[in-house]
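As recorded in TrEMBL:
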- 14-126: region 'Disordered' (REGION)
- 15-29: compositional bias 'Basic and acidic residues' (COMPBIAS)
- 41-52: compositional bias 'Low complexity' (COMPBIAS)
- 61-85: compositional bias 'Polar residues' (COMPBIAS)
- 95-109: compositional bias 'Polar residues' (COMPBIAS)
- 166-189: domain 'C2H2-type' (DOMAIN)
């Protein structure tokens, strides 16, 4: 019984109660006779450097892995089937050591079992090797053995309508899904056990979904918040179909996804007429951290001044690792509880009544000019 309690405490420290309840429900529905091989994922580590360090992890820690380093601004992966088995290991060289982060093989933390770590080349040829592009953007190698598994992974982990802001003092990193934030805590903060829910900030619903394959210009736009779910499913099906095209789809990259977001119907005209000095937008490279606010505004159609938005996109793409300080104070992450932007098909939360002035209290900012300051103000309010 003592060991059982230890396991329960470990799981509660790792998952929220809601996630743990969902896990129990899914495991309860799963037939005992189901094929272990069909329900599992292949894990392959991406060795970006000549040396890798192995850390001795707890027996219950499913995220233990080999560590290497990759640059977030240039991380991209060839997402092809086993027709070209070597392509899935290609990476661009590091652009800047100042923005590197750990690249790891990571298991899903929801409805899938885990196979032993296996090199992709040793997989049976009749099975595909399907890599998640969103995970690659964060330096995480997530490879599925079936296309349906990749669909489920994308639907469960990459449609959160939230972000996780690191609450460690001095850290301004922000992540789009909880697993990436947990990997960050492990690799950058010594396996910190901070409450994950405290870092979560609900955002306005994503209604624009852009393909990240370099040879694809597809962007999916939901006409309203209520249509976002079906549009996302259509988008996921589109992404998975690229695996049937092999290497012709090109590589998945964060910058390709950003370029397609800028091609959405409401922005395309301003983007096409922008005064980009080199005339070739494919040379722009964005960093997932420095362009987080811009991307979320594009994904939620919180566009505002289009001329400013386009020029800001060009500035960030021209200097992906540099901090752009001179931007407007109202250009912030679209936080659900604070949104007042009037957008067709977008439902806003009702404005709270203005409280009476009280010199003994103060209102805590949750955005400001820099959305990463959310965590800063939260930390300093306690």
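In case you wondered, yes, glycine gets a Cβ from its N, Cα and C as well.
Where the annotation comes from TrEMBL, it is an automatic prediction and has not been curated.
As a summary of secondary structure, the compositional bias 'Basic and acidic residues' (15-29) carries 13 helix, 0 strand, 2 coil according to DSSP. Taken residue by residue, the domain 'C2H2-type' (166-189) breaks down under DSSP into 11 helix, 2 strand, 11 coil.
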